[in-house]
Each structure stands twice: as structure tokens, then as C-alpha cells.
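Listed in Swiss-Prot for this protein:
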SIGNAL    1-25  signal peptide
TOPO_DOM  26-130  topological domain 'Extracellular'
DISULFID  Cys28-Cys55  disulfide bond
DISULFID  Cys31-Cys41  disulfide bond
CARBOHYD  Asn33  N-linked glycosylation site
DISULFID  Cys48-Cys81  disulfide bond
DISULFID  Cys87-Cys112  disulfide bond
DISULFID  Cys99-Cys109  disulfide bond
DISULFID  Cys113-Cys118  disulfide bond
LIPID     Ser124  GPI-anchor amidated serine
TRANSMEM  131-151  transmembrane segment
Amino acid sequence: MKSWEIAVVLVAAVYLCSQVNFVAGLECYVCSNQTGNTEKCLNTIKTCEPFENVCGTEIRWGSQPYFSEGALKQYYVSKRCMTKEQCQSKRKRYMQLYCTHIWYEDWACNECCKGDRCNYFVISGAPSRQGYGVCLTLLTALLGLGSWLIPRS
């Protein structure tokens with residue numbers, strides 16, 4: 001094989017790896033109305049249903065069980081598996097109306113992320129990690145094969 005052919009094969013392999021979605025279900029941290037991002041919210045992991053394709057995190061500041069003016073306020077964290085549509089709808093609703101971070105008012109914010117356990121942090125913005133270990137292994141093997149095929153002078 002010529003060196004440009006090897007380069008084309010490597011580029012194609014990298015592209016294919018970036019497009020791979022593995023069958024294993026998404027894993028998200030899950031908890032409900034915890035008083036912080038500790039213990040249960042950092043230790044409970046769920047394999048999501050096949051139709052659930054994002055992890056959602058909600059943080060609220062207010063009183064429980066219902067927000068009420070003048071009551072003792074604190075943070076409440078909830079994490080779950082969701083569909084992208086559910087998460088975006090909730091995020092849009094919260095961010096436009098309720099995500100104020102004003103300490104004397106009740107507020108709520110929602111974050112969506114895609115990738116196994118990406119919702120570790122409360123509002124994470126964590127990047128997606130979709131099988132990059134497998135792709136790196138494949139790329140390393142192809143580079144090794146390419147160096148073996150290129151004639152040495």
C-alpha cells in the first residue's frame with residue numbers, strides 16, 4: 001500500500017469510530033430531592049432504558065415539599081435518565097422562567113448531558129464520551145499495521 005492509501009484508511013477509521021454508538025445502555029447518576037450533590041447522588045448509578053438517551057440534573061433552591069415564600073430554604077438535587085426531548089423541554093422551561101439563582105426566591109435549573117455518567121457534577125456541561133477507548137485501540141492498531149506495510153529504505 002502507498003502512504004496516501006494508508007492515510008485514507010486511517011482517516012476513514014477515525015471517522016467511523018466517531019460515528020459508532022455502542023449497544024450498551026447509557027449510565028447516569030440518579031437521585032431524587034437530595035439536600036446536596038453528595039452520597040446518593042454520587043454513588044447511585046442506573047443503566048437507562050433504551051429510549052433514554054441523556055442524563056438530566058436538576059438543582060432547586062427552596063423549601064420542601066412545595067416552594068413557599070418565607071419558609072426555610074436549601075438546595076435540592078435530582079438526577080435521572082431522560083429522553084433528549086424531555087430534558088430540553090424542562091431546561092427551556094426552567095432556564096427562561098425559574099433559573100434565577102436569587103437567594104431569597106425559590107428557583108430551579110436543569111442541565112442535560114450525553115455520555116456515561118456525565119451528570120456527576122450538578123451543572124456539569126461534561127463532554128460526551130462515546131467509545132473513545134475502542135477507537136484509540138483501533139487507531140493504534142492501524143498505525144502499527146501502516147508502519148509495518150510501509151517499505152523501509
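Quick reminder: no glycine exception, Cβ is built from N, Cα and C everywhere.
Each of the disulfide-bonded residues Cys55, Cys81 was scored by how many other Cβ atoms lie within 10 Å of its Cβ, and the smallest score goes to Cys81. Take the CB of Cys28 (disulfide bond) and look out to 10 A: across all protein chains shown you find 26 other CB atoms.
DSSP assigns Cys112 (disulfide bond) to a strand in the three-state reduction. With Cys41 (disulfide bond) as the anchor, the candidate disulfide-bonded residues are Cys28, Cys81, Cys99, Cys113, and the one with the nearest CA is Cys28. For the topological domain 'Extracellular' (26-130), the number of residues in each DSSP class (helix H, G, I; strand E, B; coil) is 18 helix, 35 strand, 52 coil. The shortest Cα-Cα distance between the residue listed as 'N-linked glycosylation site' and any of the disulfide-bonded residues Cys55, Cys109, Cys112, Cys118 is the one to Cys109.
Cys113 (disulfide bond) has Cys55, Cys87 nearby among the disulfide-bonded residues Cys31, Cys48, Cys55, Cys87, Cys99, counting only those with a Cα within 10 angstroms of its own Cα. Same-chain residues at least 6 positions away in sequence with a Cβ under 8 Å from that of Cys87 (disulfide bond) are, in sequence order, Val54, Gly56, Asn110, Cys112. Less than 8 angstroms from the CB of Cys48 (disulfide bond) sit Gly25, Leu26, Glu27, Cys28, Cys55, Cys81, each of them six or more residues away in the same chain.
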